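Participant: Input: one structure, supplied below.
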Amino acid sequence: MEPERSLKLSIWEGVLAILFLNWSTGVMVTGYALTLGASPQALALLGALPFLAQLLAPLALFLRGSRKALAVRLNLLSRLLFLPAAFAALLPESLRVPFLLLFAGLSQLLAAPVGVVWLSWMADLVPEAQRGRYFGFRNALLGLVGTLGNLLGGQVADRLPPPLGYQAVLLLGVAAGLLSILLLRWQTEPPETPPPPARAALALAWRDRAYRRYLGLVLLWYGAVMVGGPFVVPYFVRVGGFSMTEVGLWTVISATSGLLFGPLWGRLADQKGHGIVLRGASLAAALMPGLWLLGSEGFPWPIWLSALADALAWSGLGTALVNAALAQAPREARNGYLALFWLALGLGGIAGSLLAAKVAGLGWGPSPYHLPILLSLCLSIRTQRLPHRSKPKRRAHGLFGAPVVAQATTGYLRLLAALRLGRL
């Protein structure tokens, strides 16, 4: 009986999809790029790809037809386009990294509009009274699967000679992603309330002054985080001396800790609103790069401790950012509000990545990664001094319900949770 059948299918579909999304945008593809000889500038661009793709999110408002059909077709093309990236190592050395960036970028660009389409579909499929429980369980399960996938992928990458181990993991991820599309096709799509014209929805969201202030904070925050974000995994490996298995273990510690901290943030959000969660969790996230900078191969404990800080910060922040946007959006213009949210997120990520590449190229510090992470720390702290005045017009059940649990490695990669969940 619907919608129970489709809700169960959505969970299994997400389990498969998260493996593709984690490996194609997270630690595995970063490690693969390192083995191909990626420069700090190339790593910054690779980290910026998901945010660059979000510039196309508003295009979803101009797409017409079944939301289910659109999600299936765009996801299918996106995952097939990532397939050539796994074979970049077979090319001449000078072409490997550009080839990886090209097809990884095309894959991300095609998937970007899915976020708005899929969220609109899920908003109609999941009864409002069940959203918190349903997405709380779904997100927790996907977080656990994604984290264990990172650990398994790290072991495969360490056991097989590079880059063969990374290629095997990425190909397995593509296969899982394609299987998930079959389950996506079997889900039902409720009738859709006719949306307003795309320009009208965007205009309504843009005229909301309080929401514009919130978008500004989102842009500045993601920009600050992305100055150091692309270099966190390389820092763990090259400076901290971590193996890929240890990077995977780091994610397990963060994910299991997130199961403890997440419900605490959720109760606080229910009682006091998403604003207080944004302030508290973003402060913890802003201070976390300091722990990374204290760590080294001979003194790795601050990096291990940062796994707990990561869980504390992002188990609340990832959910609160999206739910705060949803809480301000009237139902009739929800897609317009979401499109502007993804756009602000993308612009901030791109700006931060461009600055990251420039700073890393200066060659100052013990490694190319120290200065960008230090600058990210300073800028993130600076954003805490900006006024947080975004207040929901009404209390609402966010589509993500309970907090998003770890779905990737490090705070930088986990901030992609909102993007990933929008494509599951």
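Any Cβ shown, glycine's included, is placed from N, Cα and C.
Features from TrEMBL:
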type	residues	note
TRANSMEM	12-36	transmembrane segment
TRANSMEM	42-63	transmembrane segment
TRANSMEM	70-91	transmembrane segment
TRANSMEM	97-123	transmembrane segment
TRANSMEM	135-152	transmembrane segment
TRANSMEM	164-184	transmembrane segment
TRANSMEM	214-237	transmembrane segment
TRANSMEM	249-269	transmembrane segment
TRANSMEM	276-295	transmembrane segment
TRANSMEM	301-326	transmembrane segment
TRANSMEM	338-357	transmembrane segment
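Give me the lay of the land around each of these features.
Facilitator: Away from its own ends, the transmembrane segment (12-36) comes close to residues 42-43, 46-47, 49-50, 75, 79, 82, 85, 88-89, 96-97, 100, 104, 107-108, 138, 141-142, 145-146, 149-150, 153-154, 157, 162-163, 166-167, 169-170, 172-174, 176-177, 179-180, 183-184, 187, 230, 233-234, 237, 244, 247-248, 251, 407-409, 413, 416, 420, 423-424 of its chain (Cβ-Cβ under 8 Å, at least six residues beyond either end).
With a threshold of 8 Å between CB atoms, the same-chain residues lying at least 6 positions outside the transmembrane segment (70-91) that come near it are 17, 20, 24, 29, 32, 35-36, 60, 63, 97, 99-100, 102-104, 106-108, 110-111, 113-114, 117-118, 121, 163, 167, 170-171, 174, 177-178, 180-181, 184-185, 423.
Counting residues 6+ beyond its ends, the transmembrane segment (97-123) has Cβ neighbours under 8 Å at 10, 24-25, 29, 32-33, 36-39, 42, 45-46, 49-50, 52-61, 63, 67-68, 70-71, 74-75, 77-79, 81-85, 88, 91, 189, 192, 195, 334-335, 338-339, 342, 399, 419, 422-424 in the same chain.
Residues 27, 30-31, 34, 40, 43-44, 46-48, 51, 243-244, 246-247, 250, 282, 285-286, 289, 292, 303, 321, 324-325, 328, 340-341, 344-345, 347-353, 355-356, 359-360, 367-370, 372-377, 379-380, 382-383, 386, 388, 390, 409-413, 415 of the same chain sit 6 or more residues outside the transmembrane segment (214-237) yet have a Cβ under 8 Å from a Cβ within it.
Listed by sequence, the residues of this chain that lie at least six past the ends of the transmembrane segment (338-357) yet keep a Cβ under 8 A from its Cβ atoms are 40-41, 44-45, 47-48, 50-55, 57-58, 60-61, 112, 115-116, 119-120, 201-202, 205-206, 211, 215-216, 218-231, 322, 325-326, 329, 372, 375-376, 418-419, 422.
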